[in-house]
């Protein structure tokens, strides 16, 4: 199956096209903003490098968050446009899951959610030990200790250094974003469903009188 | 300006710059005539109503949720597939940029996947051409663009050729309607509610400030009116008084719009005496009947024909975006795939830079 993988959720814009397990072409650029401008030209050049036409694509995979609300919407909207125009499935992949796919064994994917919070999800050999969640730093550290029970661990993501004290000896990695090759592989392996953003946070909005919605 | 005879253009338009997720298919025939094949608007009013106004993050979330279904519905209603299109047009600003990016990203993907040209449309240009959706309206014309976000007088010589004659120096007229309505306790969106309340009211029962009366230019101001009306609203409880205040507010807004439009008409007529005098009002406030009647009267008095888009194309819609795109494509204009989403994007960039009506913001003139 020929799959195009996209990631625009974090501090990079990444694109990869795979045929089964074979990477045909991929590209990644570090950026805090500007994903909207770069994504389409990068997809165009990756497809050209792979020598593929868009009609040959069989599936799109895109990260759905958690991460930058604006960034994840760019990727999801773009994936929906490709899926709709080509009449192929566009499949969502969690950003934490895609980050964790870079390592085997026990892996904690952690993204700095600011406001002293982390987006956290822990995996063991590719299986999620918890649902993706947004947690205060202390709670995240406790959760991680409970799941890892002192075993060797890979900590990955922008939030990894914030947990390093709680997981001494862990292999700490801080890539700019998800690897689009993993996004494509994960998307290929699952059955298609509705492509929905995963924000993990409600919109910042107050009702009249300052009440929470 | 625009070539009169070119190949037909069948364009998918996408609009996500505020609180409507919209898609439409418009065909521009070889003779320049526009045909709306479909126009689908998914309103988010219910999602924003509890907050008393549009919440940008809620709007952006709703756009990404529904963009695909709305685009597919527009194609289905037109009886076409993506393969029948000759181009894709998406609003690229000005507007709430989180939402703009949703429609623009979706549009870029469709253009790329189907090898179609992309047009990154200025939302204001969409409003400027909207009256051409329902009628044979040649360029040039004098346009009053009056909505919740904008209030400008423009000389429209053709696609991509707008000259600003006047603009609001503070609030847009629709914003004044909505905010005064909110102060009077009317539900969001308040403009249409205020119009209903004003029915049968006596507009002379309250005295409201007349703004920029001494100025000779075509600029607008509504913030003083808004403040004064909101203050009056606090002391008004009887239903009859509320009706009268609503009528007075409506009259004050319509009066200022008519007065500045008339001033622009006089200037425009000197330059375009032999080209035919056409006055067009577009934007959501053009749906207000009192405003429409006052403008129609002033146009007639000054020898201008009067045109307004059908109601469905006054408020935000994607048919106007598709038509702006089709006219640009017919003129050989398209945009690259790295087109930016712009929160601010004046239609007449030169005028906006030379004579900013808003205090120069960090990111430049808004519109």
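Each Cβ is built from the backbone N, Cα and C atoms, and glycine gets one as well.
Where the annotation comes from TrEMBL, it is an automatic prediction and has not been curated.
In the predicted model, the domain 'Gcp-like' (B:35-322) shows an average pLDDT of 93. The domain 'Gcp-like' annotation in TrEMBL covers B:35-322.
Marked as Fe cation binding site by TrEMBL: B:123, B:127, B:316. In the shown protein chains, 32 other C-beta atoms lie within 10 A of the C-beta of residue B:127 (Fe cation binding site).
Under the heading substrate binding site, TrEMBL lists B:145, B:146, B:147, B:148, B:149, B:178, B:191, B:195, B:288. DSSP assigns residue B:147 (substrate binding site) to coil in the three-state reduction, outside any helix or strand.
Measuring Cα to Cα from residue B:316 (Fe cation binding site), none of the binding-site residues B:145, B:149, B:191, B:288 fall within 10 Å. In this structure, residue B:127 (Fe cation binding site) is part of a helix by DSSP.
Compute the center of the Cβ atoms of B:123, B:127, B:316, which mark the site for Fe cation; besides them, the chain residues with Cβ within 8 Å of that center are B:15, B:17, B:18, B:91, B:124, B:126, B:130, B:147, B:150, B:283, B:317, B:320, B:321. Of the recorded residues, residue B:145 (substrate binding site) and residue B:123 (Fe cation binding site) place their C-alpha atoms 11 Å from one another. Residue B:288 (substrate binding site) sits 16 Å from residue B:127 (Fe cation binding site), counting Cα to Cα. The 10 Å shell around the Cβ of residue B:191 (substrate binding site) contains 26 further Cβ atoms across the protein chains shown.
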